Amino acid sequence: MLDSKKYISCGDGSDLSFTKQYRDKSISIDINTCYSFRERQWRCELNNEEIMWTNPANGHCLDYVDNTTNVLKEENDCIFIHKCALTRQGQHYLCPCAGNSCRAYFHRYCSSNDISLFAYPSGRIFTPFVETSYKSNEHNFDRNVWPDVFIFTRSIKCNNEMWATPDIVNQKAWLVNETLVVTYVRSLDAYPLEVLLCERHQSINANETNYGNCWNDSYPNQAKHCPDSIPYSCISKYNVNDGIRDCVHAADETMDNWFGDYSYSSIQKHRFQCSETEQTSLTVMAIGDNRVDCKKSIHDEYSEKYNVELNHLKCVSRDSADCIFLRQYIAEWSIADTNTTEKVDNSIKFWNSCDSYWEKSYGADEIDCHQWKCPSHYTVKQFYQCQSGQCISENWLCNGVWDCSDGSDEEGIQLLTEHTVGEHNLKLFQLLKTNLTQQKNRCLKENPERSFAQFCDIATEYPCLLANVDDPLSFRLNRPCINLRQLGDGRVDCYGGLDERNILNCSLYKQLGFGFKCNSNDSCIQRRQQCTADNRCLNGNDRLLCIYLYNNSNVKCNGQLSTATVKDVHCLNGSCLPDSRCNGLIECPFGEDEYYCPTGISSTVLGYRPRIKKSYFPSIKIQLPNYSPLSFLGNESNDNNDKITTLKSQTSMIAIQDQSSFTRSSRQKLANQYSKEGWICNRGVAGNKKSFDISQSIVHCFCPPSYYGGRCEFMSDRLTVFISFKNQTNGSSTGVFKILALLVVTINGTETVLDRHEVHFIPALDNYKEKQKFYFVYPRPHQLRSNTHHYTVRFEAYQLNENESIEFLAVWIYPVPFNFLPSQRLAKVLKYTQQSQLALNHTCFTKTNPCLNEGKCHPIMNKLSDIHSYWCECGSNSYGSHCEFKDQSCFISSKKL
C-alpha cells in the first residue's frame, strides 16, 4: 500500500499515524500498533503503555526474555542496564533492577561510558540525520521511557540551494530536547524533525538569506516556495489547487492568487474547474476517484447534468466512449456554485476492502472482489467467502441478513455445490465441524417464511414483486419470483431494488438495504420514512410498497383514520389484521403483511446492517522470533569472516524455538509462524542463496524500482516519460526506428548516464501514433549537493535497415525542470525531419566541423530554430561534449577486426 506522508506502512496493507513514533503528552498513549511491531523495531522499550524488549540480534520486539528464550547478550553492558531501567521488573531474567533503581548499577555497568549523555537507541532510528540520547544521571526512568534529547548529526536539503549541515564539533547548538520535538509532532502534518532542523539552521545562520529559486533557467517562474514551509518547499504551479496537499500547511490548496501570473485558462483544457467561483485545476485522476475535492460541490464525483456517477466511468482507451465523455465533461465544465458539500475520506485500511461494508462512497471498495483472498483459517477469526469474493465473519453466515452483496450467505447459498462453494469455504466448514448441506438447512430454518414464497421454488428462486412489469400483483401473469442468480447482479429485478439491496445506495455511504429506490429520479426512501405523506416517489411508484394500507391511506381495521403510522394490515383478500405489519409472522394469505420488512438484526435496529466491525479484525499482538545474525552477516564482505567463525559456536544458543515449545506468551508463540525475510529487505523481496564456502544461506535483496541498496534501504528518484514518434518526411521507410532514451546528469561539466530505455517503432505495424510510456529510476548521487548540476533526457533515433546496418538519424534533448522533486513527468512528441529539409546555414552543415576527433555533428530536433544548437556524436576513441577527449583504452584498430 502506498501511504501518504502522515502514515507509516506496516508492510501488511495497514498503516499507523507517524505520530505513533513519538510520545504525545496531551493524551494517553494509544497502544494500537502494527501486528508485527514493525514501527517499533530497534526501539521496543519506547512506549509508556506497552514496554517490550529489543532483541539485540535483529531489533525485533520481545514480550520477555527468560532462561529458555534464545537471544544473544548485549554487546555493551551499559546498553543492557539501560534497557533494564526502561523496562519492567522481570522482563529480562538477568536484569538486577528496573526503573530508577538501576542508577545504583550504572557505575558498575557503565564504567567506560559517559552517562551524562548516553546514546540509545544506538544509530539513527527515527530519521537518518538524528540520534537520541538519555541524560541518565538525571532521567526519571519510573515515569518516562523516552530519550531526553534529539541530536542532529547529518545534513538535509531544505530547498534548492540551502543545506542544513549540523556542526559535529559544536554539538550543543544542534541538540534539542524531547519536549520540543513533541510540540512539532503535534503541530505539523509530516516531517517534524526536518522542519526543526531547517529552522535551527536558519536561526544559526541568520545572515543566509538567499534560499535560491525553485526552477532553472529553462523553466522560469514555474514554481514557488511553500509559505512558512521548510523543507520540501518548492512546488510547481501546476500543483496549485489540484486536490493534493503538497505544502506542509496545505497552502497550495487554501491560498488564493498564490501565483500572480498564474492563469487557470492555460491548463483548463486538461484540468477540472469545480465552478466559476471555485478556481481549481484538478487532474483527470481526481475525477471519479471516490474522494470529493471540490469544496462547494460534488461535481468532481457526480454529474447532475448527465445524472452520471463518475466513478463508474472506465476510461481504458483514448477513443472509448467513457474517455470521450470525460474529456468533454472536463472541457465544458463551468457551473454556478451549489451549497452541497460532502466530505469523503478515501483512505481506508487494506483489510477494509471487500469486507461487505462501504468505506468509500457508492461502495467503490466492494466492487470487483472476485479475485480477493480471505484471511486464512489459522487466524483468531474465521471468514466465509461470498460468491462475490467478499469476506465476512463466519458468525454472519445464515443470520437472516444479507452480508454478501449477492445474498450467498443466506438464500443464495442454496445454489452452491461442493464444486462451486470454493476451497476456502470447504476448509471453513471442516473447521466448524459441519458441511455445505447442513449450512443450507440452517439458512432455510433462519429464513423460513418469505412473502409470496408459495409461488416459488425456494431452492432456486427468491420471492419478490417483479420490477419492470405493468401489473406486479397479477401473479398468474407475473409470477413473483426471480432466480437466485439474479441477486446482486447489478440489475434491478425486484420491485424497489430489493434484490440489489447491498449494491444500490441511499446516499454516498449507505447501502439501499430495505430502502425503496424510485425509478423516476433515482431518489431513495429510507425504511423509516416509507408510506408517509411527506416521503413518496414523485411518480407514485411506491404505491405497491404500501399495499397493506387501505387505498394508501392511514385507515385502521376499525375504519378510523389515523394521523400516526398505521400497523394494521389490509390483506389483498380483503381481510384486515390489527397491528400485524412487520411482526415477523406471515398472516396474510400471500404474506404481504411482511413484504419489504427487515430481517435478522436489521429488524430490531434503526439502520440497515449496523456496524459491528469493531472486533472484525481484532488487534492480534504478535512479534517475530529470534533469528541468527548469520543470515545478515552472510551478505557482508570477507573481512567479516573472523566474526562469522566466532558466531558459529553460538548457533545452538540462538536457534529458533520449536513452535510446540512452552512459552508464557501466546502471541510470542504465534510469532514463530512468521518468516525473517519480511524484515531484512525493507520494501524488497529476500531470496536465499546457497554458497559452497559458507554453511549458512546468503540473503540477497531484490529491490523494487523505487528503492536501491543492499537492503533496499534507499529511495530512488523517478521520472515517468511519455513519448510518441512523428516522422515528418515525405518518403516511406521499411526499416525499424529505434529510440534510445538516456537520462543524463551533468555534474561539474561531466555527463553521466543514470538510466536508459529502448523503444521501437515499426512502419509495418503502423505504431507511430501509439504513446510509449516508461520510467527512469535512479539514485540521487552524493555529488548533487553541489549546485552545478542538471538533468537532461536525450533521445537518440536510429534506423535498423533490412541489410542489418544501423544508421543514426536524429537527436532530441530536453531538460528535466525540477531537480528537487523525487518524482516527475515528461511528455514529448519526437518530430523527425530529414537533413534535406533543414536550414542550410545550420552549424552542422558548414565547412568547419564543431565536433573534434572526427565526431559527427547533429542538429537537435527540438531546437531547429536555433541554427547554433547541435550535439556531437563521438567515435569509440573519444568523448566529451565536443569529442575533445581521447580514450586510447577503447581504441581498436580496424585491421585487427
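Cβ coordinates are placed from backbone N, Cα and C, and glycine is handled just like the others.
Candidates considered were Cys374, Cys386, Cys391; TrEMBL assigns the disulfide partner of Cys404 as Cys386.
The most densely surrounded of the disulfide-bonded residues Cys386, Cys404, Cys874, Cys883, judged by C-beta neighbours within 10 angstroms, is Cys386. As a summary of secondary structure, the domain 'EGF-like' (840-884) carries 6 helix, 11 strand, 28 coil according to DSSP. In this structure the C-alpha atoms belonging to Cys874 (disulfide bond) and Cys404 (disulfide bond) are separated by 67 Å. Cα of Cys883 (disulfide bond) to Cα of Cys386 (disulfide bond): a distance of 67 Å.
The predicted model assigns the domain 'EGF-like' (840-884) a mean pLDDT of 90.
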